[in-house]
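Worksheet: the structure to be examined is printed underneath.
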Amino acid sequence: MTAARRGNLVTLALLAPSLLSAILLLVIPILIVIAFSFAEQDTYGGAKFGFTLTSYRELFQSIYLPIFVNSLQLAAVSTLVCLLVGYPIAYFIALRAGRYAGILLALLLIPFWIDFIVRMSAWMVLLGRNGTINSALLGLGFIEQPIRMIGTYPAVLVGMLYAFLPTTVLPIHAALNGLDRRLLEAADDLGATPLQSFWRVTFPLSLPGVMAAILFVFVPAMGVYAIPVLLGGGKSIILGNLIVQLFLDFRNIPLGAAVSVVLLAISSVIIVCYMRVLRSVEEARA
Amino acid sequence: MRKVLSLYVPVAALVGYIFLFAPLLVLVIYAFNAGRSTVIWEGFSLAWFAEAFRDRGLRAGLQVSVIVAFASAALATAVGTSAALAVVKRPFAGKNLFSTLVIAPLVLPEIVLAVGLLVATVWTGIPLGYGTLIAGHVLVSIPFSFLIVRAAASGLDPRLDEAAADLGANGRQVFLRVTLPLLAPAILSAFLLCAVISFDNFVVSTFVSGVGSTPLPIQIYAMLKTGLTPKINALGAMLIAVNVLVILIVMGRYLKTVRKPS
């Protein structure tokens, strides 16, 4: 065996496990989902392969449209809230924290790695009818009746912010941390106020990080389902709940597959747009 | 005005950190509370921890989660490491496409991955259970092990390989005596993080766990839907402790490597 052929074999052996798992666990399953979305439901909760647009037609009926609107709205509002809260944190760590930056960044990662369900149960402790916040307010005499917080839209937003805040801060921090400080000094020397140098220098240069944050929050936010159930009382149905219900409760595989395909399509469009915009930003800078 | 502006950023950051840690702190403190209240302190007690350990569903869930976490982390680390080594050390066509494919599960909505796995089991007739859980967790963990090991491998000095080869080591010896020992800490980090990812996984588990293989987060979720009990706080406090420990192990190593150059 020649050395070159041997090298190729080694490369192939290194690539094989990940290629195999990507094909078996990702590519083929998604192709099956797409195939099932065109299948027909049989009476036993199974699906018959065929080509029908029944599921998609059903999906674009009036009962399902609000679910899409709700999900996109929740994802958009959550992303906006995460950016408004996360940007100052990223800015502080990157440009003001000095030698504490490493520790602050590390602290940020702790909630990110803590069990998702435990994090949500912590908020249920705080927001519940007899929870910490209500009891404290009652005890201090600020309110006379407990405020209903679980089951409201703000509670869902708090849960979303809690779930996605670290994901928002990390890419923005990375962009701000790579910023050439001399640009800010130059802006200062040229007489820019701090606000001007922020809007004209810092913010534009942090945009790639902001876009990555949007991608990492908006796309998963469209598919969440535990947060609205636990903190929102499960009242407003969004895509995540709909998919879980269709598969696990109603056993309507074709319709569930169709919803998943639409979610996948929306996500893919967003991911492709992100990559395009990022490339054009990088080209403009080069 | 200037003063207000310069205060805004640190105050916002402080509020952000309070927001991140206050709920966890409240949860942990009240796990030790003798009473059911989450406000009034009725004395220190470990009763809720004992209660959590007595719960049969939670014990069974813990067992499933631990087995699946170790198995899936071992597989995901092996797969991610080999992919990372291929990308860093070997020339081949379509490298970018390959990396995109490996990282894809990180970017796509997790629920779509979960639906794909469930539908694949329906289509092939594979029963839901440990096998499907492990496969699902491997899928969502591979991007993390790949990214961690790739970052470490691309930071290695290629001259070390050359030096070993000049001294007469063959390819296998270079790998076993030089590359692998240098990457060992990163591989260990990847393993620990993959185990945490699997242990915490919720979305994929919802779809691909079967009867008798319900992992801990799904058990907790079912209990939360019927109402919060101090038992869950106690369990949550224990999980937080384990997660923080793993993070500190991984990050301690990482922070050391960051500090070295200065």
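A Cβ is built for glycine as well, from the same backbone N, Cα and C atoms used for every other residue.
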Where TrEMBL places transmembrane segment among the ranges A:40-62, A:63-85: A:63-85
Positions whose Cβ lies under 8 angstroms from the transmembrane segment (A:63-85), at least six residues beyond its ends: 156-157, 160-161, 164-165, 167-168, 210, 213-214, 217-218, 221-222, 228, 236-240, 242, 262, 266
Seg_contact(the transmembrane segment (A:120-143), the transmembrane segment (A:97-114)) with at least 3 CB pairs under 8 angstroms, min sep 6: no
Folded-back contacts onto the transmembrane segment (A:225-247), same chain, C-beta under 8 angstroms, at least six residues removed: 64, 67-68, 70-71, 74, 116-117, 120-121, 123-124, 127, 150-153, 155-156, 158-160, 163, 253, 255-256, 259-260, 263
